[in-house]
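Single-structure report; data block below.
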Amino acid sequence: MGTLLPPVGSEVFRRFTPSSLNEIQQRQQIKEERKRANAEVSEELFSEPASDLEAGKPLPFIYGEPPHELLNVPLEDMDPFYQSQKTFIVLSKGNVIHRFNAESSLYLLSPFNSMRIFAIKILVHSLFSLFIMATILTNCVFMTLSDPPAWSKTVEYVFTFIYTFEATIKVVSRGFCVGQFTFLKDPWNWLDFMVISMAYLTELVDLGNVSVLRTFRVLRALKTITVIPGLKTIVGALIQSVKKLADAMVLTVFCLSVFALIGLQLFMGNLRQKCVLIPPVVSNLTFEVTNSSHGYFGNDTRGNDTENKDLMFEFEEHINNPDNYYYLAGQRDPLLCGNSSDAGVCPESYICLKVGRNPNYGYTSYDSFGWAFLALFRLMTQDFWENLFQLTLRAAGKTYMIFFVVVIFLGSFYLINLILAVVAMAYAEQNQATMAEAKQKEEEYLHILEALKKREEEQAAWKEALKVQEPHNFEDDHKLCPPCWYAFANVFLKWDCCSCWRHLKRCLSAIVMDPFVDLGITICIILNTIFMAMEHYPMSADFEELLSVGNLVFTGIFTCEMVLKILAMDPYFYFQVGWNIFDSIIVTMSLVELGLANVQGLSVLRSFRLMRVFKLAKSWPTLNMLIKIIGNSVGALGNLTLVLAIIVFIFAVVGMQLFGKNYKDCVCRISEDCKLPRWHMNDFFHAFLIIFRVLCGEWIDTMWDCMEVSGQTMCLIVYMMVLVIGNLVVLNLFLALLLSSFSGDNLAAQDDEGENNLQIAVNRIKRAVAWAKTWILLHLCILTESNHNQHDAVSDEEENRITKNILALTSVTSDQFFKVPIAEAESDSEDSDDDDVDEDKHSRCDESSFCSTVQDPEVKENEADEDNVSKMPMDCWSENCYSRCPSLDIDTSQGKGKVWCNIRRACFIIVENNYFESFIVFMILLSSGALAFEDIYLEKHQLIKTILEYADKVFTYVFVVEMVLKWFAYGFKSYFSNAWCWLDFLIVDVSLVSLTANILGYSELGAIKSLRTLRALRPLRALSRFEGMRVVVNALVGAVPSIFNVLLVCLIFWLIFSIMGVNLFAGKFSYCFNETSQEQFDKKIVNNKTECIALIEANFTEVRWKNLKVNYDNVGIGYLSLLQVATFKGWMEIMYAAVDSRDVESQPIYEVNIYMYLYFVIFIIFGSFFTLNLFIGVIIDNFNQQKAKLGGQDIFMTEEQKKYYNAMKKLGSKKPQKPVPRPENALQGLVFDLVTKQIFDVFIMVLICLNMVTMMVETDEQTKEKEDILYWINVIFIVIFTTECILKTIALRRHYFSIGWNVFDFVVVILSILGLLLADIIEKYFVSPTLFRVIRLARIGRVLRLIRGAKGIRTLLFALMMSLPALFNIGLLLFLIMFIFSIFGMSNFAYVKKEAMIDDMFNFETFGNSMICLFMITTSAGWDGLLSPIMNKPPDCDPDLENPGTTVRGNCGSPAIGIVFFSTYIIMSFLVVVNMYIAIILENFNVATEESSDPLCEDDFDMFYETWEKFDPDATQFIQYSKLSDFCDTLKEPLRIPKPNTIKLISLDLPLVPGDKIHCMDILLALTAEVLGDSDEMDTLKATMEEKFMANNPSKVSYEPISSTLRRKEEEVAARVIQRAYRKYLLQRTVRLASFTYREKTEGWGTKKAPETEGLLCKQFNQLFGNKRETEEPLMSKNDELGQVELQSEVLLHAAPPLNTLELLLGTSERESLV
C-alpha cells in the first residue's frame, strides 16, 4: 500500500508546466522503446485508473486541502495510471476533479495557451454550471408553452447562442475529437452536439415538418443529467438493468407472439360481429335468414333479376349503415354478438352479422398478427383488459375464458413479474458491487491511515500536539454552524437565568416527560383524528359547532404541550429533537389556520392538522419502521425521481409538439361535440397528465384517441417508449429500491430499541389493575371464609386452589415486567410442583385414554407404547372442567366407564380411518358443488330443486354425525383446541340452523336468509383436507400479523388523504341532471341545488339532483374512492367530478378546478405506489423469515459449499446414456448421418421460424389467391415436418420415441395432418368453427420447438417450472376463494339491475357467470363497474319489481354488502394471493439465476455425457485409461482440459480398476472439483453424491479400485529410478571390464586378474571382442546360471530384448560418452 500513499506537503499538488509535459513524453518514449525491445512493461500495479480519482468525483480527503491559488489551475495528474499519458487535472470549488487532454486543442491551443486556460477556468467554475442549469430550466419552461408569444423566436436564438457558447468553451478547453477526454469522447456531449446541430439545421434549411424537428429540442432537458453528477450514476443503473432485461424481453416477445398467433387463429374476425336491425323488407320474403350457413343475406339470393339486384344493393347499404346497429346506452360502439351457444345474443328484431369495423375506432381486433399482438400486449399489461375480455367472450363464447386464464396467469403475472425480478436482481447486484467497492476503499484508507500514522510518529515533536488537539478538532468538525451562532444560542436559546427558574424547569420537565403525559397526548391525537374523521356532508349546525369546539380544545392542548416542553427543555435542546420540530410546525400551522379560518380558499390549511396522526409513529414501532423505510427509499429515490420527472417532462413536451396540433384540428373524430376531450396533448399540463396516466399503466384508451387524430405509427412508437422506458424500467426500479429497504434486520431492529414512554405507561396501568384484582380476590376469599364457618376438606382444598391461582396471577403479571432472579430452593420447588401436576394429568389422561383394567398408574405408564398413545382417544374435557366437576372423571376400568371407553375407542378408529376421511372429503366436494346449482333458474327446474333440498339434508346429517363422532373420538378439549375443527363446527352449525328453520317454516325470514348465505363457507372445510392448500394457508397465517400491520399503516396513510378529500370535495360532487337527454344541465340554466329543486318543484319530473355514487361526503365512502383510485378502476369519474367541482351544492363546470388533478397524482405516488408495494415487500420479507426459521438447507452453507451442493445436485441425477447405435443398413446409415448433424437441426429451426412468419401473415377476409398460397405453403411445411419425422424414425428406429422432444414433434405432426385432412370435413358436415380453429392451433405447437435452442430463455422457463408446484397450490387457494365469493355473489346480487358492467353475460345470476366476474376482479379489473349497480338506491332501481319465476322482489343491491364483498375480495385475492405469486416468482427466479450463473450448469453435465457416449458406446460407465487424454481434450469449457494434459490428469488422482479402466463418476467428480476448486470439507458431500448416483443407476458396476492415476505414475517413476540405478551399476561394471580388456590387448597378457571372469555380462563382452577365453570354457558354470537369472531380471527392468549388451545397457548419451 505504500505506493498508493499520496506525497506529503507541497509534493501533492504540482502545477502542470512544459517540463511536466516533457516528463510525460520521456516516459512514453521509454515505454515505446521497451515495447520495441520486447521487454515487458511493468503495468501490473496500475493496470486501470483509480476509482477515487475519476473525473467528476471530489478529491479524497487523504490528499489534504489544496492551496487556494491552485484551484482552477492545470495540475499534474495524481492518478498513477495517467502519469505516463498526456493528461492533466484541474480542481474546481469543492475539490472536484476535472481531467483534460494535454495535446493541443484543435491542433492550435497548447495546455499553456492563455485562451485555453481561460476557457478551462470558465468551464470548471461552479457558476458556469449553475448558469447552464438555469438556462436549461428556462428553456424547458419555454418548451411547455403550447401557444408561445411572438418574441419566443428571439429567446430561442438566445438559448441556441448560449448552448453554442458552452460547446465552444468545451471544445477550446478539451479539444474536439482526437485523444482522450476530448469533447466528442464523452457520449453525453454527443447529445449537446446533436441538439445544437438540429437547431442550426432547422434555421438554415427548410425541412418541411417543423413540429417533428422541434421535438428534438426537448432533448436539451437531458442536459440536466450531464450537469448533475448523481443522475449519471442512476442512468447508468437504468442502462444496466435494460441490458439484463434482454432475455426476459425476448421471452416476453416470444410468448406474446405465440399467444397472438393463438388469438389470431381463434378470434380472427369475431369482433366485427354486431347486432344489426333486420330490414322490414326481409320479413316479407321467404329467405331463411337465421338458418343461413354463412350468417348474412347475400348468399341466399338466387337469380339475376333486377329486383334482386336492387334488393342486394339496398341490403348491403342497410347492413353497413351504423344507424342500424344496436347500441347500449352511453356506448359509442355497437353491441357485439356471436353464433355459438354461449356467446352474446342480440335483442329481438336484431340479427348477428359480421359487418362494419372493429370496436374502439377499429383498433381492438384479432384480424391480423399486428392487432392481435397489440391486444395481447394490452392483456399482459392488464390495461382495460376487462373490455377486451367482455368483447371477446361476447363474440366467441364463454368457453374461451380458458384462453384468458392462461394468458393472465402465464403472460401477465409471470412475464411482468419476471421483468420486475430481473430489474430487482440488477439493482441488488449493483448494490453489492457498490458496497464491495466501498469496503475495498475503506480497507485502502485504513492502510493509508496506518502508514500516515507511522510516518507522523517518526516526528516526535507532533506527538503531544496530536494528543491534545485530536479530540477538540473532532468535535469542531461536527459543528455545522459558525461560532457566532453558538454564542447567540448560548445567550438567547438556553434559559438558565436564576435558581427559581431552574427549579420550575425541573418541575415542568418531570411533568412533560412523564409516560402518563405521553399516553394522554397519544389519546388526544387519536381523539383529534376521530373528530376530524367525523366530518361529513351534510352536517347539522350543532354537530359542526361540536367539531369546531373540539378542534379548538385539541389545538389548545397541543399548543400547551409545546409551550411547556419549550420551557422545560429550553428552545436550544427542544429543537434538537426531530419529533419536537415536527410538533412545532403542526401546532404553528394549526394556529395560523385558526387565524385564517374565514379566508376563502385556505381551507386546505386544515389538512396540516392531519399530520398529527404521524405522531403515533413515536409509540407505534411498525408505523415508525415503515415511515423510516419510505424515508430511506425517498432518499435513495431522489435521483431516480428526478430521472422520472425528466422522462415525464420530455415525453410530455414530445407529445405536445408532435400531436398537440392534431388534437385541435381532428378533434371531431374523437369527440361528438367537437370539443377537446379531457385527455389530450394540446397543452403541456394535459400532456403531462397523459404521460403520468401511462406510467400508472393506463395507456390504451388515450392511445386510441392519439392514433385516430395523429396516425398509428408515431403514436405507437411514443406510447411504447413511455411504457417500456417509464413504466417497466423506472417503476420497477422504484419497486426494487422499496424491496431492498426491507430486511429481517430492519424488522428485528425495532425490538432492540427498548420500551417507549407509552409502553411504560401502559405497563404501569396493567400492574395497577393486576394488583387491584389480587387485592379484591384476596379480600373476597377472607369475606367468604368469615361468612361460612364450615372448614371441611373440600373448602380447604378450594381455598388453597384460589390462593394458588391468586399467587400464580400475581407472579405472572409481575414476571411480565420484571425479571427477578429466583433462588435455587424456589425454582426447585416450582419445578417439582409442575412435575406433580403433569404427572397427575398424565395418569388421568392415560386412564381415560387407554381404558385399561390395570389399576396401578405407574405400571400402566411404563407399559404404554408410543404407537398406542397416538391410536387412543385423548382426554374428553380440559383440566379446569375436571377440577370443577369431579363427576366427569369416571373410572374407565369397569362397568359403564368401560363401555363408554370402548364406544370412544370405536369412534376413534372410525374417524382415523382413511376411508372415512375420503368419504367426508367426497361429501364436502359434493355439498360445495350442490351450492353452485342454486342460481336464479332453480325455481324453473323443480326436480333439481327437490334433489338439492334432500341433498342438503343428507349433507347436514352426515356432517353432524361426523362432528359427533369426532367429539366422541377426540374429546371436547382436543376438538375445540384445533382451529380447523372450530371451522368445521361453525359451518355445520350454520347448516343445522338453516335446516331447522326450513323444517319449522321460517326459511323466508331475513335473518335465516342471511344465515343460509353463510353456507357458501362450506368449501373452506376442504382447506384442512388438501395438503397443498393447507401449506399456503399456514404460510399466509404466518404472514397475517405483518400484513395486518401494513394494512393498518396503509389505512392511516389513506385516512389522511380521505379526510383531506372530505375537506376539499364534501358535497361538491352533486349535480343537476336531465333524465331524458341523459346530460347535466349547463351552469347558465342551473347554478346550484336551490335552482335545481325549484325546477323539480315546477313539475319537471325528468330533472334530478344527483350525487356521484362514489364520493367524498364522509371518510368511509372516501376510503372507497381512494381504493378505486389506487387500483385505477373507476378513478376517472371521481377525478372528473373533482376537477369540475366548485362549491358545496353548486352545479359543476368543466375543468374549473383543474389543479385538483394534483391531489390524485400525490395520492397515487404515496397512497398507491408506496403503500400497495409495501405489501409485496412485507410478504417477501415474511417468507424469507419463515424460511430462516424452518432452516432451509442453504442457511447452513457457505457460498462455496452452496456452489458445490448445486453442482453435485445436478451431477447426481445424471447418468451416462447409451448412444443410439448407427444402423448397419447403408441407406439407414446415410439417413442417420443426416439427421444427427447439427446443420439439420439448424435447418429445421429456420423452417419453424419461416412457418411462424407465414402464420403471422394471415389476416381476416384475405383474398382467395392469398388464402390458396398460404394453404399450399402450410401443406409444404406439413410435408417437410412429416418428412423430418419419417427420416428420424427410419434413422433412430425405436430410439426415436425415447426422446421427449421427438414425441412432441410427432404429436404436432399428427395433429397438423389431422387438421389438414379434417378441416374440410368439419367445415362441411359439423358447423363448429370452434373445433376447426382449435385443430388449427396444432400448427403453433411447432413454434414451441424454438425453445429447445435458446439457453437464456430456458433459464427463465426453468424458474417457472420451479415455481409451478407452489403456484399450483396458490392457484387452488385462489380458486377456493373465487368459489366461495361466487356463491356469496349469487346469494346477494343475482337480481341486481343490469347496468354499467352487469349485463346478460357478466352477472351473478349463475355460478359460471359469477366465476367469470370474479376472475376479472382478481386483477382488480372492472370491479367498479360491477359495484356500481349494486350501490343503486331508489329511484335508480325498483325495490318492488317482480322477477319472473321467483318470489324475490326488486332489483336493488345492498351498498354496504357490495362494498364489503368487493373490498374483501380485492384485498384477499389481489393483495395477498397475487402478491404471494409475485414473491414465489422472485424467489425462484433468484434460485434459477444462481443455478444458471453457477460455474457448472445442467448443460455442462449434459455435454459431458454426450461426449462420454462417443468414448463408451456400450454405456459400460468405464473408459480405458489410454483414452482419458483424448476424452478430456474433446470436452467443452469449463470441464475441458486441453492437450498437453498428461501431467494434469495424473494430478487428478483418478481411481483405476482392473483392465486399466476409469469410471465416469470419478472423472466427473474430479473435473467438477477442478472447476470449483478442491476443498477438504467436500469429501462427505462427494460420498453422498456417489451414493445418490448408485441409487439412480442400479446398473452401476460395484468395483474396488486397484490403483489410481497418481499411484500408477508414482510406480512408474519408482521403476525408472530403479532402472537408472541398475543401469548405472551395470555401466560401472562394463567400463571396468572394457578398461581391463583394452589394457590386456595393448599391453599383452598381463598377470593382473580380470575384474570379472564369470557371468552373463562377461560372456557377452568376450563374444563381442572375440576373447579366446570364451572358447576355452565351453561348459556353462554355475555363475552362468546366475547370469541367466540376472539377464531375465534385467530384461524385466528394461522391457526390451537382450540383443546387444551395450545397446541394452546404455542409452544414446551413455554410448557416446563411453566411446
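For all residues, glycine too, the Cβ spot is worked out from N, Cα and C.
As the structure is a computational prediction, the values presented were derived from the model and not from experiment.
Under the topological domain names given by Swiss-Prot, V1037 lies on the same membrane side as T1530. Considering N291, N339, N868, the record held by Swiss-Prot lists N339, annotated as N-linked glycosylation site.
Swiss-Prot marks one residue of N284, N299 with the annotation N-linked glycosylation site, and that residue is N284. Shown are the disulfide-bonded residues C337, C352, C668; of these, the residue with the fewest other Cβ atoms within 10 Å is C668.
Nearest neighbour of C1092 (disulfide bond) by Cα distance, taken over the disulfide-bonded residues C275, C337, C715: C275. Neighbour counts were taken as the number of other C-beta atoms within 10 angstroms of each residue's C-beta; across the disulfide-bonded residues C275, C674, C1452, the minimum falls on C674. Note on proximity: among C352, C668, C706, C1072, the disulfide-bonded residues of the record, the Cα nearest C275 (disulfide bond) is that of C352.
Rounded to a whole number, the distance between the Cα atoms of C706 (disulfide bond) and C346 (disulfide bond) is 32 Å. Residue environment of C715 (disulfide bond) contains 22 other Cβ atoms, counted within 10 Å of its Cβ in all protein chains. For the topological domain 'Extracellular' (705-715), the residues of the chain that approach it from at least six positions outside its boundaries are 361, 363, 658-659, 662-663, 665-667, 669-670, 677, 679-681, judged by C-beta separation under 8 angstroms. For C1437 (disulfide bond), applying a Cβ distance below 8 Å and a minimum sequence separation of six or more within one chain yields K1393, P1429, G1450, N1451, C1452, G1453. Non-local neighbours of the topological domain 'Cytoplasmic' (1026-1042) in the same chain are 747, 1178-1179, 1181-1183, 1186, 1365-1366, 1368-1370, 1372-1373, 1376, 1472, 1476; each lies 6+ residues outside the stretch with a CB under 8 Å from one of its CB atoms.
Take the disulfide-bonded residues C346, C706, C1072, C1092: by the count of other Cβ atoms within 10 Å of each Cβ, the lowest one is C346.
Taking only the Cα positions, the spacing between C674 (disulfide bond) and C1072 (disulfide bond) is 23 angstrom.
Predicted-model confidence for the topological domain 'Extracellular' (206-211) is 60, expressed as mean pLDDT. DSSP assigns C1072 (disulfide bond) to a strand in the three-state reduction. Residues 55, 85-87, 99-101, 103-106, 167, 193 of the same chain lie 6 or more positions beyond the ends of the topological domain 'Cytoplasmic' (174-187) yet place their CB under 8 Å from a CB of it. Tertiary neighbourhood of the topological domain 'Extracellular' (146-152): same-chain residues 656, 660, 682-684, selected by CB-CB distance under 8 Å and a gap of 6+ residues from either end.
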